[in-house]
Protein chains: 2
Amino acid sequence: MNEADFIAALRALPLHPGARGLNDDAAVLEIGGETLVITHDAMIEGVHYLPDQDMADVAWKLVATNLSDLAAKGAAPIGVLLGHTLGDGDESFLHGLHEVLRHYGTGLLGGDTVGSGKGDGARRTLGLTAIGRASHTPVPSRSGAQIGDALFVTGTIGAAMLGFEALRDGTGADHAAYARPLARVAEGEALAPHVTAMMDVSDGLLLDAYRMAETSEVSIAIDTATCPVADPARRMECLGWGDDYELLFTLPAGAACPVKAVPIGTVEPRGFAPLFVDGEAVTNAQGLGYTHQ
Amino acid sequence: MNEADFIAALRALPLHPGARGLNDDAAVLEIGGETLVITHDAMIEGVHYLPDQDMADVAWKLVATNLSDLAAKGAAPIGVLLGHTLGDGDESFLHGLHEVLRHYGTGLLGGDTVGSGKGDGARRTLGLTAIGRASHTPVPSRSGAQIGDALFVTGTIGAAMLGFEALRDGTGADHAAYARPLARVAEGEALAPHVTAMMDVSDGLLLDAYRMAETSEVSIAIDTATCPVADPARRMECLGWGDDYELLFTLPAGAACPVKAVPIGTVEPRGFAPLFVDGEAVTNAQGLGYTHQ
């Protein structure tokens, strides 16, 4: 089974109503008059990070990517649970974990530490569960984009791609955007009362916009010339790469945007494709961005 | 770093108050008048389950072991988040997941599905976060054992050991206790208002009792002849093996026990060792049960 098959099968299991049909970045749990947002993301050695990467950066990214899912729901972090596999660089990992928890003013709630077992080729898997408190209800979802809305994105897309290449090739160029991404927590909280739909850009802007359109049952038209990219000479590559953790969201036409962000497209009635890129229909998500095999 | 070193270092990080100093089975989160209990446990192929084991059983155990942590806090499950690595037997895994969610009347909240990457020797890691609602506050901890209390355990200790051996050796004998352990959810809820301390027996009765004594700053004296073991001829082996997921708890002397359980020892003033087994002092946890290298 590939990722899509597996997730489709998961949707046939007993789901908690807060799972939002497994179509969103995070689960939403109403508890005692409060609304919690909960997410879990894993990173595998050699898949989500380079085997020789600084483990302090890996710890940072593990936390930041989960907090980015909370940010996309307008939630402020309460705490995290770590699923850690012991291995090389654990001291660095702890150092990075300390830095990222301090940076976001959040704390460790618990988790599990396991040995990876004997033998070569054992790839480490690192998991993190993040819990946050929603700042606004209803909690924004991916599925709320309305016809006539404007599509916005924060930050610069493709910066993580350039950072990855610098790290992989040892060029010495800045790789912080890849190694130490920032979760847009403050922006997510500021946006939550205003957006019709919101998600974080984790697998590539075009793929994530495609998913937003699919879930919202609309079409989204993107004008790539307006997209803020890290390298305009490689515009389409930037828009296909993931790992930027910017926020992608829709606002009603004419609404003022409360954070620094750029309009890059519009929401249209559902046409024969969920996504139109510079007027060209994209009918299949294949090849649009990062997907797991 | 080994597991103990790593966990000691984690304790120096910013901890959420609900982390209980990372000394407990689960974290406790007070949210708007409700109390949530949250836990995360991982299982690694070849470490926590046999590589050729039925993946339906692995899914069952992954959920049951986490719900056992909730049970030890007297919490009823709300939902789970799955951190899944794709691999062989995913159809069976989904089948087992369906069964265990239905058995405990709980649902999937979300999670993450990742590819394990190419290459042989990649061991799969499966993670699960379980969230429950505490049925009683204060939520029982490991650290509350009081001098004069009686120590009890539910069920039969060592049944998982016999099940593991049956499965490993292909004897055809019953291996359900190892493959499909049961979380004592109802017992945990019934006990929560009465116990002074409670935990689940995951790493072996003697080791877990040692930990309860350490955290409670008392000594615990166990009379092994009274311990309900699956094979009396291998009594000490049974008491050293883990995976039984029974509840170990303390009640004030003379208090009626509201569930089926057996008294196996007493809580005493802290002597020169945390644990006394048939009168013999145990000053070191090494070799008492299951620990990760």
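Glycine is treated like the rest: Cβ placed from N, Cα and C.
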According to TrEMBL, A:Asp25, A:Thr39 bind Mg(2+) 4; which one of A:Asp5, A:Asp57, A:Asp69 is listed for that same site? A:Asp69
Candidates A:Asp41, A:Asp69, A:Asp112 (binding-site residues) - the one closest to A:Ser202 (ATP binding site) by CA: A:Asp69
Kindly report the helix/strand/coil residue split of the domain 'PurM-like N-terminal' (A:24-133) according to DSSP, in that order. 31 helix, 46 strand, 33 coil
Among the binding-site residues A:Asp41, A:Asp69, A:Arg142, A:Ser202, which ones place their CB within a distance below 8 Å of a chain B CB? A:Asp41
Write down the Cα-Cα distance for A:Asp69 (Mg(2+) 2 binding site) and A:Asp112 (Mg(2+) 1 binding site), rounded and given in Å. 21
How big is the gap, in Å, between the Cα of A:Arg142 (ATP binding site) and that of A:Asp69 (Mg(2+) 2 binding site), rounded to a whole number? 11
Do you know which of the binding-site residues A:Asp69, A:Asp112 has the most other C-beta atoms within 10 angstroms of its C-beta? A:Asp69
Counting Cβ atoms within 10 Å across all protein chains shown, which of the binding-site residues A:Asp41, A:Ser202 comes out on top? A:Asp41
